Amino acid sequence: MVSPAMLLCVLSYFFLLAAAIKPRIFEPRIFDKEATGFGPIFEEEPLDTVYAEDSPENKISMNCRARANPPALIKWWLNNWEIKLMEQPDEHFSLVGGNLVITNPDKGKHAGKYVCVAKNVYGTVISKEATVKFGYLNQFPTDEREPVHVKEGQGAVLLCSPPSRYPSEVLFRWIYNDFPNFIIPDQRRFVSQTTGNMYIAKVEASDVGNYSCFVSSPTIGKSVFSMPIPLLPQIEKEVKRYPADIRVKFPKTYALVHQNITLECFALGNPLPHIRWRKLDADLPPNYEVSMNGALLHLINVQYEDEGSYECETLNVKGMDWYRQWLYVEGAPEWAEHINDTEKDVGSELTLRCVAVGKPLPWIRWLKDGYSYGKGELKFSSLTFEDSGMYQCVAENEWGTIYASAELRVVSCAPTFIYNPVKKVLLGAEKGRVVIECKPRAAPKPKFIWKRGSELLTNSSRMLIWDDGSLEILNVSKSDEGSYTCYAENDRGKSNSTGTLTITEATKITVAPSDTEAVVGDTAILQCSASFDPSLDITFIWTVDSYVINFYTDFEHYELIMGHENRGDLLIKNIQVRHAGHYSCTAQTIVDNATAEADVSVRG
């Protein structure tokens, strides 16, 4: 029959919904989220957004969706201030489901860091920060560009001087005379995607004309181009040759692991220089490609071991030039270990731990229900109901931030022996030691009382009630037989469970093995007999130098001889020097065991 206390334990969730401010009471370790409800779990979080200042689209949508039972209330924060739409209606902000819609965005009001907050009765979680920035690409100045005069056969550099922009990642191209006649880079001409400048390794007479730098921003879908720069080659009767001269030099570079990276190197010179790449003290990574006639080195799916010093070498018949710089490979945080939903008894201990990898090594901080809660590991020496809630582990370094969320439930329940009752049949060997376990499920930890029949048991020189509720009896005898009942009680209720103890005859070695000396190739017998309780079964186990002899695999030399007089002799056949050692015979029942030992020496 189910006691009222146990019924309260099973149905406690329904009381929680009726009065959410009361302590939560659950059946310990039964965490059926779908049946009992659960805290918010993000299914969609806001993303970094770039909004073009002159975009025809007059709104921004920051998406957020959380699964929770009961459903979560969604709120938004901008730059650490709550957007209180219910209290202060705003003409720009509106909520559509859990999504925040910004109508007619204004750079002065709406740029910044946005966070989505999801909350229900079980706790609160916050999303990753998402930034809203306003993208733009200004026009080039309308001032006329100075013409570039250069001798035929020499190199030339046409400066782009791009206008201010956001984001900075743009595509550079050059127009020759009229739009859309774009220069196609080749071994002689190169356009740097870092500076936008165009480099002509060796100017030819046919290069005369007007050149405009063309800048396009894929993010905001806008392009601009500069005023034309006249290039005026001076025709030479005799074209001189010049040694290779590197003008495009890749800077010190930081690459993220698993990403692709491109290094630029280009030289002026006549004849046209040849470009070669190498990595100092190692081969180039296996996943590399060279393009643009050697001017670009692409490293695909960069790994940490790709870090190092890279060198670009340019060469023609007039001379060589080289340049080297360091490539650093780092990584955004990734989880190696993170928290999971946890249910623990009130008063118990708990450690919450997260481990993240990355380069530099990420640091760890914690949030509880959206508020800062500590760093490193979280340790609870005695959990209380107030410790229940939604916990978030945050790992971050300069390359990124990741979140892991989990719900902690601290539960309470009256003692119950349904899952782990006291054993009904208890056995102990005479003059031996007996431990009767008492391990009900209960929270907080219950107090324990033991009785034999109606006799209350207390600690003595022969009996001890352990802290975990187990009862230990030393030097047991037939007089200790009987029924033993464990009573467990806490502030939620009480329960008990009973088992019956029977004392059996102790197992004893009656014939012990003797020290034996044998000659290689002989047969030796080590005797071993035991007396034991007739209601039990006995097993003989032999070891040599602590190695347990397996009679199924070691049958070539070892055999167990079972006699009718409770014997378990060991037969050693065709004995070898390696069989010398310290042998032990153990006679074992389910209640106790006895051991005898002997030494075997082998001459040969």
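Placement of Cβ uses the backbone N, Cα and C atoms for every residue, glycine included.
If you look up TrEMBL, you'll see 40-133 (among others) marked as domain 'Ig-like'.
Note on the domain 'Ig-like' (141-225): DSSP counts are 3 helix, 35 strand, 47 coil. Annotation source TrEMBL lists domain 'Ig-like' at 141-225 (among others).
As annotated by TrEMBL, domain 'Ig-like' applies to 243-316 (among others). The domain 'Ig-like' (243-316): residue composition by secondary structure is 6 helix, 45 strand, 23 coil, according to DSSP.
The feature domain 'Ig-like' is assigned by TrEMBL to 333-412 (among others).
Taken from TrEMBL, the feature domain 'Ig-like' applies to 415-502 (among others). On the 0 to 100 pLDDT scale, the domain 'Ig-like' (415-502) averages 94 in this prediction.
Taken from TrEMBL, the feature domain 'Ig-like' covers 507-601 (among others).
Marked as signal peptide by TrEMBL: 1-20.
Only pairs six or more apart in sequence are counted, and the domain 'Ig-like' (40-133) with the domain 'Ig-like' (507-601) gives fewer than three Cβ pairs under 8 Å, not enough to call it a contact. Within the domain 'Ig-like' (415-502), the DSSP-based counts of helix, strand and coil residues read 3 helix, 46 strand, 39 coil.
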